[in-house]
Each structure stands twice: as structure tokens, then as C-alpha cells.
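Per TrEMBL, the feature active site, proton donor maps to Glu675. What TrEMBL lists as Mg(2+) binding site is Asp420, Asn450, Ile452. Per TrEMBL, compositional bias 'Polar residues' is recorded for 42-58. Look at TrEMBL and you will find 618-790 tagged as domain 'Transketolase-like pyrimidine-binding'. The region 'Disordered' annotation in TrEMBL covers 42-80. Annotation source TrEMBL lists site 'Important for catalytic activity' at His290, His527.
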Amino acid sequence: MAATSSLTLSQALLARAISHHHGSNPSSSDRVVSLSAHSLPTFSGLKSSHSKPSTRILQSRRRRLVGSRSPVRASVAEPTTVDKTTDASLVEKSVNTIRFLAIDAVEKANSGHPGLPMGCAPMGHILYDEVMRYNPKNPYWFNRDRFVLSAGHGCMLQYALLHLAGYDSVKEEDLKGFRQWGSKTPGHPENFETPGVEVTTGPLGQGIANAVGLALAERHLAARYNKPGNEIVDHYTRRRRLVGSRSPVRASVAEPTTVDKTTDASLVEKSVNTIRFLAIDAVEKANSGHPGLPMGCAPMGHILYDEVMRYNPKNPYWFNRDRFVLSAGHGCMLQYALLHLAGYDSVKEEDLKGFRQWGSKTPGHPENFETPGVEVTTGPLGQGIANAVGLALAERHLAARYNKPGNEIVDHYTYAILGDGCQMEGISNEVCSLAGHWGLGKLIAFYDDNHISIDGDTEIAFTESVDKRFEGLGWHVIWVKNGNTGYDDIRAAIKEAKAVKDKPTLIKVTTTIGYGSPNKANSYSVHGSALGAKEVDATRKNLGWPFEPFHVPEDIKKHWSRHVPEGAALEAEWNAKFAEYEKKYKEEAAELKSIISGELPAGWDKALPTYTPESPPDATRNLSQQCLNALAKVLPGLLGGSADLASSNMTLLKMFGDFQKGTPEERNVRFGVREHGMGAICNGIALHSPGLIPYCATFFVFTDYMRAAIRISALSEAGVIYVMTHDSIGLGEDGPTHQPVEHLASFRAMPNILMLRPADGNETAGAYKIAVLNRKRPSILALSRQKLPNLPGTSVEGVAKGGYIVSDNSSGNKPDVILIGTGSELEIVAKAAEELRKEGKAVRVVSFVSWELFDDQSDAYKESVLPAAVTARVSIEAGSTFGWEKIVGSKGKAIGIDRFGASAPAGKIYKEFGLTAEAVIAAVKGLC
């Protein structure tokens, strides 16, 4: 094969893309990617001869690897229409120059990501040398083409291209200074640092979003200012996305002839309208709420709660119940009406009348901690379907571990209703991708396809084929065309879904929002406000509903009343089945009991490792892995994983395999690069059973991607353990896109969160003990990348107090100064104290692992650690100083970072930012 076939392929793909842009459909042939050798000296470069902008052919784009890692055969147009600016051998040499500039820079820095530049060099060469229009001597020329490297970790590709193209911002010395203090080549692209870089990227996905914004700006300005023959705004940003037709693939449902109905048609209709009017009346009385969804989804709700789901209204926490999640939580009156009719004590008539009022059990969005019968807290769209995936994962995992032939004691379904808004939120795509990958066959989601959003018809912003997307995600898809009155179709769809064992099912139910309202149905006005008295009366007449507000007809009460005895019988039957199981499988039964009850095994914390000052220094992320693996041996409910960073977060449970479609009994969960979805799935796992202890991990800075899920975990009392590594500027060369600064302060501000930053092995073990014990309070562990010593005086017991004395050479609780540190900076405090004591100072060193735990202590204990009389206090933490005045007082000094970080080795950044023992000593001398 010719050495330049990879370039030929890239050029041909460009030709095909531009021909599609102009509406042509060229013929195709197969091409295969290959590489060739390079023999130039280190940092040798071919200088570009750009003297004028090159002809534009294609938008720049984010590279995405599709399919297997074997050579990919692409059907492409013949490249005859692409003009090459150089002969084949020079092109190949140019491409390899790019590769080796990247290789050499990463090698010299001993830090970075060479793989992407090596693989993407052909694309980069063709874009910068043959396609894009730009002026290297004026990087801000308005009509330049824009390039965005969304996979910012491969930034040496862009730096090499800027260098070859003649940009003054990337000289040879900058390539040699890659990831070093003061260079123009930080660890991820920064637009403010390197002219020629359009946007700052690093957190994955930000770049492609920026590219959409750049392309939108071009499209908008071109539409406003271009004139015929005067196209003054005309540049590219990224590949044009071809949006498919709004008309989805329509899936049919099975004939419903074999579905048994529990009631006659008139009673079903009456029951459905009871649900509708309970919702209408509650929203009307509160003059607040969302009546549209309950009115449209009442048929689904009736069939699920009255005919399909297994539950016990008098024990909402029965283990083997089916779970229901209302992901479109604004329509919560649907669920409250159903719980009321089914006989749950948590939703009485007075609660319906007290909807959205202080003290009622019917808040404005479902809250699991407020209303028994509500499984998870929903409201922020997309969170609910993610929780549902977590619930279904938990069922699948426990069933695989504990079920035996003829003894299927874990056997329940998870049902969810999600709306157009949930579908638009990115989190739903993240989690539904995983659900399809895992083959969660007992997850059945109903998509309320009503085509209305708050701003109007969904046509204004949502035109994709949801059906095709979910089929691509590995789901079974069914379409119910008439969700308003098609009860048999809904029943048939559920039956079909249950027959599919190896895939989750999406049942798209086309409904009318506000069904029955003569003047507001099928409009945004019925989404989020009361109908109004006149429209309520009109709706009553339209649906033939003569009853007073909140009235439940006697025949409907009688019909629904059977769920109380039926539910009790279902639970009793399961209890008997479990008793038989327990006789045969005592060990498994005992484990499952502990998971169901949440009771921790006696002496479990003795499994945690202990450390001494003689133990070798290590990163707390590594010490965390030791703790996780020790706990996994004694806590049967511990499971979790990382967002594609297990080897960096150090979260792999070494004695277990991966939870996958074929191995659901394993306990390592591979979430992929889906931080938001990961957090919300773990919430579902935690809320499935009290003894399930999920953990999830990523870099601390990427909690920004999952903050909504963390907030919901705190609100819903889901005891997830968040293992967040690379917790400060100590991660070094990756730079400010990856260095958390404000994160500690932001989570300390969040209610019901335990923010823990351990300094060494004993404190890491103590942090895990606290995290495991707090099943209704999620914990975030901020862990270091860099090695830290095991310090004298630290302890597991001290962590439980939040803040405690590590060392003190004072007497009578009267030190001259109190030095306070957290995490990696406790070592700095200890060194400063040692020097100050040599000078005769009485110095107390305090480790402040958790502000929240310290706040929980008695006033007497707080005074024993931080006596009010000692106002000379200095704190140091590699993060924002925001909030530290609460600890150090008005006369103290907080040393920290109140700016973004930098790309350089960690030691250099610490020194430049003044996070040193010398800085602590200087601060002390300024105070006393």
C-alpha cells in the first residue's frame, strides 16, 4: 500500500464532505489508513510557506473514533477534486514532522498526551496546510476559519500546527517548554495564553460546544450582513451537522388481544379522569403547579399503578416492589394522585389540598425523603431517568449475585416517565447509552411525546428522531400513537416490553398535554400554570365530570382499595419465598439481608488499613484504593467505578471484574466519560437499598460536570461516596482547565454534604469510615495526585471530629499561634511549625479535614481545638480562601489561591503561588 494512503483518505473525505455541502453525491471507493516512518532529529520542523490564506474546503471538526481499533475501511469519494499543495512525499514528511514535534515535546516534559497528535496528524496537516484560511501574523483576523481541538489533551497537535504555520505564539522554545511555567504551550489549549487558539478546552465536550457557538455566530452574522455578491462573513468552524427529518421511525405495538384488563372500559375512563381532576384541582387550589402532564399521562399512570406494578401501599419500602420514577418531576400531581388512590398513607386528601404548601407531603417536585412512595427526588430534568437506570442496575446486579434456579428472590421492574425536556438534557443520553450497553431489560421508560415545551412547540429546538436515537443506543422502541385513550395499546406495549429480556425498552406515547381542556390543551399555557376557574369548568363539561373538587367517586375508591390487601399478600408471599431461600443459602441470605436493611457487618471498620510515620509517602488517591479494596472484602454492598479514569483515580476493585451485560454480578462499574450520568446513576443505586454503597470517581475539577447530580444526592439523602482525585494545583502540568480552585469552597456551601480532604493514610482511612457510616449524607473525598508523607499525630478517630490537634508544644490551651492545614498542605504546616518552634514559638497544628464534621461538634470541643482567646491563626489550602475567615477569624490570615492555576510542574506552581512553609512563617511573624 502506498505510504500516503492515510493522506489520500483524509483528502477524499474532505472532498466528499464539501461535495455534500454543495449537494452532490460522488461515487465511492475503499481506502485504508496507514502510517510511515520519520527520521528527522528531535524538534526538527518543516517551516510552512504560507504567504496567503489557503482555499477553504471544509469546516474544522472534532475527531471522533468510531468502531473498533482495527483499521477502519471508509467508503469515500475519489480524491481527484482536492488540490494538493505539495507532492506526496513532502506531505508524508510534513505529517510526520507534526507527529514528532508532539512526541518530542511530551518526552521532554515527561508529561502529556502524544497519542492523539500521532493519530490525527493527517487531519491537522490537511486542515492547516491545504484547507483553512487564516493569517499567522494576525490571529484575530475576523474572517479566518476557526479550529477547535475539543479533545484538548492532544494540544501538541495544535501547537505543532501553529508552529509550522508561522504563528509567533508558538516558537521552538515554546515547544521545548511544553507544560512548563511561563511557556505559551500549557497542558491544555488556552485562548488567553496562546494566540491562534480560539477557545480554552480540556474538560471533554466543552470544545465541541464552543465550536457550535462559533458556527452559530458565523451563520447569524452572515445572515445579517452578507449581500448578494458581497459575502463578507464567510468562514468555517466545524463539520456541518445534517439533521434528520423530524418524522421518526414508527414502531408498531403487538395486538392487545391477549392482555387481560382488570376493569371494564367505563371504569378505567372514570379512574383516569379521577387522576386528571385531582391534579387539576390541586394546582388550581395552590394557584401553582403543572397540570398539563398529569392530564396527558393519566392513562399511563392508571395502567401502571392499577394493573401492572407490584407494590405494598402500607410498606412503601418492601424490597421486591417495582419502582416508579417520574423523571418529568414537575408533573408530580400525577404521582401524588396515584399514591392517594392506591392507599399510601403519605398522601391523604388534606395533602392533595395542601399541594405545594408548607408542611404538606406534596411538594412542588417529588421528594423521596418527604413522601413515602416516591423513590427518588426529581425536578431537574433528566435526573430521574438517570436514577431509574441506577435502580435497574441495582436490581440486575443483586439478581445476578443472589438469585438461584427456582429461587428468584430479586425480581422487580423499574418504570419511568420522561418528557421532551428530559430527552433534550444531555444526561439522558449519557445514561440511556449505558442502559443499552448494559442490557437492562427490566427498565421500561415511557416517553411522554407531547411536542410542547415552555417556550412553545418543540419544533423550535428539538427535531431529532428520538426513536432512531434510542435504537442506536441499544433500546427496544415501541410507539403508542394514541396515548390519550389508547388503553389497550399501552397495555400491549408493556407486555411487549416485558418480553424483551436483553434490552431496556422505550415506549413512546404520543399524548396531548392538558388533554380535555377545550382551550388550553396542546399548548404551552397548560404546562406550568393553573387552568383558571373558567377553563376548569369548561374541562369538567368537556370530560363529563360533574363532581366537586378533590372528589373521588365511590366506585373508584372501591376499585383501588384492593391494592392494600393485594400489596400485603405480595409481600407476604415474597417473605415466605425468602424464608425458604434462607434455609438453602444461609450465607447469601445473610448478605442480602444486610443490603436490604443497611446494617453494617460487625467490626467492618477493622478492615481499614493503618499507617505510621515510617510508612512510605504516597498519594492519597493510592491510599484510597487500598481502603476501597479492603472495604470491598467486608462490605457486600460496595460497588462503583470511574468516568473512564479508573487507573488514574485508583478506584478499581482488584478482586472483582466489570459489571457488564454478561457479568452483572461484578462490582466494577465502567461509566465511560459520562460524569453527570455517573453521579445520577449512583444516586439511584444508593436509593435502591440502604445497604448498597455506591462510589464514583473522576478528577475533582470535573465535579463541575456532575454538580447537579451531587446536589440531588445531598437533597435526597443518598449516601454516595464521591472519590475525587487530582484535587489541586498539585496535579501540575495539565494546567488550569484541570486544576480545581473554587471547588472545596463551593461544596462546603452545599447543605448535607461532607467535604473531606485527608492529608495522609490514616486520614484517608478515617474519611472512608465516615463516608460509609453516613448513609444519608453523601461524602466527597478530595485526594492528591502527588505523594504525601504519613504525618505523626494524624488518626482515623481525629477525622470524625472534622478538625483536631495533630501536634502542640503549648500548655494550658494557650498556644502563641494556631496553624491550620488540609490535605496536601498539612505537610507544609507541619514544616512551618517545626521551624517556628525552633525560634521559641508555642505552635499548635490543626488538621481541618472536614468543616461540616467540625461544625457538628460541641462548643466545648471546638474551644479545645480553636480557643477564642488565640486570634493568631494561619490557614493554608491549595484552593480558594473564600470562607476561611470563619475559621481563622478577622485577625488571622488565610493563604490560598484566588486565581486560576497554571501549567507547570507542581513544585514550581506551589512556589510561584506562595504555598510554602516560608509563606506560612512570614504570615505568622506578621501576626505575632
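Each residue, glycine too, has its Cβ placed from N, Cα and C.
Keep in mind it's a predicted model, so treat the numbers as computed, not measured.
Cβ neighbour count for His527 (site 'Important for catalytic activity') (all protein chains, 10 Å cutoff from its Cβ): 22. Across the residues of the domain 'Transketolase-like pyrimidine-binding' (618-790), the predicted structure has a mean pLDDT of 98. Distance between Cα atoms for Glu675 (active site, proton donor) and Asp420 (Mg(2+) binding site): 22 Å, as a whole number.
Between the recorded positions Asp420, Asn450, Ile452, Glu675, Glu675 has the most other Cβ atoms inside 10 Å of its own Cβ, all protein chains included. Note: the CA-CA distance between His290 (site 'Important for catalytic activity') and Ile452 (Mg(2+) binding site) rounds to 13 Å. Between the alpha carbons (Cα) of Asp420 (Mg(2+) binding site) and His527 (site 'Important for catalytic activity') lies a span of roughly 12 Å.
Under the DSSP three-state reduction, Asp420 (Mg(2+) binding site) is assigned to helix. Excluding Asp420, Asn450, Ile452 themselves, the residues of that chain whose CB lies within 8 A of the CB mean position for the Mg(2+) site are, in sequence, Gly419, Asp448, Asp449, His451, Ser453, Thr458, Ile513, His527.
Annotated pair His527 (site 'Important for catalytic activity') and Asn450 (Mg(2+) binding site), C-alpha to C-alpha distance, rounded: 11 Å.
Just so you know, the Cβ of His290 (site 'Important for catalytic activity') picks up 25 other Cβ atoms within 10 Å once every protein chain is counted.
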